[in-house]
Amino acid sequence: MVRYKVTVATGDVAEAGTKNSISITLVGSRGESRRTTVSLLFLPGQEKSLSVDCGQELGPIVLIRLHKWRLFLEDAWFCKDVRVTAPDGTLYRFPCYQWLEGVTTVEVREGSGKKLADDELQILKEHRHRELVARQEAFRWKNFAQGWPRCLNVGSILELDSDIQFSCVRATDFTGFLILQGASHFLSGFLLRSTSWDSLDEMRTIFSRTQGRDIVPEYVAKHWQEDEFFGYQFLNGNNPIIIRCCTALPPKFPVTPEMVAGSLGSGTDLGKELQEGRIFIVDYEVLDDIPADTINGRQQYVAAPLCLLHQGTDGLLRPIAIQLSQTPGPSSPIFLPSDDEWDWLLAKTWVRNADFYIHQLLTHLLKTHLFGEVFAIATLRHLPTCHPLFKLLMPHFRFTLHINTLARSVLINPGGLIDKGSGVTYEGLKLVVQRGLEQVTYTSLCLPDDIHHRGMSHVPNYHYRDDGMSLWEAIESFVTGIVTFYYGGDAAVCGDTELQAWVMDIFTNGFLGRTSSGVPSSLQTVEELIKFLSMVMFTCSAQHAAVNNGQYDLGAFVPNAPSSMRHPPPREKGRAFLQHFLDTVPEVATTANILVTLILLSSQLKDRRLLGQYPEERFTEVEPRRLIRAFQRRLEEIRDRIEERNYLAELRYNYLNPLETENSISI
């Protein structure tokens, strides 16, 4: 008789334990054990040890089967892992990290990362094939809107697989937060007021009630009218990826040297500043002719402005010219800092309104949430659990399918929070994302390439670039270690059919097969694989943090990020004044609706996993675990540098601090 020692661990998460019967079968290369009962009761975090006796040695243990059976009531069980010690002392580890529900048998492979080419045993080849067939049946694509990336084919969060839903702790926190914030604003009366704000100062009262979160909104309320702060936000605000260096003015924006001479200072001119790379442009052309909505029966308006900025000798960016349409002419004047105070302030506010739409719909929704979902679904459909890239990527998709499914139910659906609180129609919202996807390039998704392409490599005080590059390089270094450990060379990349199917699925369903995007449909070299994986991980962690975490900070004071405009863009100068401004930006109720959304989107909910935290030990080999520790040390160094810079700063840039950056898009 040969005896194997087995330890079965239940996850330390809420409701992980079970009163159902659990048994186990060991499968080796030379045979399998009989089915042996583990326990009739598991508590969360509990380990159970047992012996499995066999008539002969089974050879290397390659699989285990976990059997769950119930006599009366169903009681789901979350298995953390299983460890098997063979008679010769060899330890085999089986990471599980999944729920077992109903009467079921789940097969779990030994934890070494294996590509298809690494599997020699037929039983293992058949197992990975069965797993992918089942996953492709469970995780299907559907169209949410024409011209959008495809998404998961479920109708609500109730249809989601338990392994991708919010944890119990997260779900409770999220629901409670919605109710609490909605009730607090409702009780304070803001949601009932469909009138304009009485004054600029009154607008502060709505965020002064969210105690402990008003430091940055107060700064914004104090500085929002200043040209320096307006320029700063293009570098370090919620939408730091739209500004680009301008070396030649587009014909549709006929700014003359005389118009901006007073803004550039003495001893220079527009031509010289353009040539020397100190002129920058922001163009919201994607909003041109987007249909505007009505809110509370009142027509709203949408503009597609252009804004020119100049980097002064002090290094700061300031706006020097704004045109509120894509068509120049007498009815589309170019507004200048030398104009009347309210004309200039209103023009800047129209730019901030356009930036609100582009940030929410393209920079945030499309380029992080929707792409993150595509990456997650393709991974589940084409990479089996034993694949090293599945082990690498899955922590970066935690809760993403849940939050996106929820968003389609309450946030971006017809009549949802964005539809009710913004000035574009629902059809307009869909059209903006469709246009945005048509313009997405692989370059724009890879931070080093994007910074270079936009000519933003040497602009001072660009914290998004500097912190983002530090994180990109840390991620890339980690990915390089993992890829070179599992892939011997370019031939191994080319020959990994599961990997190639994964990339093609992303290209087809995420980027709709558009070759002009430059997004690869296959990967031929180790270098190409490292870049693509770095892009995926950066998008799902750092990029989302950069464009999500500051939404409340910079949007709570409504004139800084108005979600709608109630008067049309001015067609001539000299008509703006305070009351007109108050009657243009969102009314009180609309402000409250959007603020509830912003509070929720930039919240730190329970059960977060920060970048580099991998409590689920999916990798069992020594080298990947060493690489994880090195990655974590590098993130700590980045954190220390950011906190040292922030220590004396009046306005801290903390959105890419590893202490604020989650592994995944989970909110």
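Just so it is clear, glycine is given a Cβ too, placed from its N, Cα and C backbone atoms.
Worth saying up front: this structure is predicted, and the values here are computed from it rather than measured.
Marked as domain 'PLAT' by TrEMBL: 2-114.
Residue density at ASP75 (Ca(2+) binding site): 15 other Cβ atoms are found within 10 A of its Cβ, drawing on all protein chains shown. Among the features that TrEMBL reports, Ca(2+) binding site is placed at GLY17, ASP75, ALA76.
TRP99 (site 'Essential for stabilizing binding to COTL1') has a Cβ environment of 21 other Cβ atoms inside 10 Å. Look at TrEMBL and you will find TRP99 tagged as site 'Essential for stabilizing binding to COTL1'.
Residues or ranges marked as domain 'Lipoxygenase' by TrEMBL: 114-667. For the domain 'Lipoxygenase' (114-667), the model gives a mean pLDDT of 94.
Sequence annotations record features per position, and here TrEMBL assigns Fe cation binding site to HIS364, HIS369, HIS544, ILE667. Around the Cβ of ILE667 (Fe cation binding site), the number of neighbouring Cβ atoms within 10 Å comes to 19.
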Nearest-integer angstrom distance between the alpha carbons (Cα) of TRP99 (site 'Essential for stabilizing binding to COTL1') and ALA76 (Ca(2+) binding site): 7
Surrounding CB atoms that lie within 10 Å of the CB of HIS544 (Fe cation binding site), all protein chains: 25
For the domain 'PLAT' (2-114), residues assigned helix / strand / coil by DSSP: 0 helix, 67 strand, 46 coil
Residues close to Ca(2+) site centre defined by GLY17, ASP75, ALA76, Cβ within 8 Å: GLU15, ALA16, THR18, LYS19, ASN20, PHE42, TRP77, PHE78
GLY17 (Ca(2+) binding site) versus binding-site residues HIS364, HIS369, HIS544, ILE667 - nearest by Cα: ILE667
Number of Cβ atoms other than its own within 10 Å, given for HIS364 (Fe cation binding site): 22
Between ILE667 (Fe cation binding site) and ASP75 (Ca(2+) binding site): CA-CA distance (Å): 28
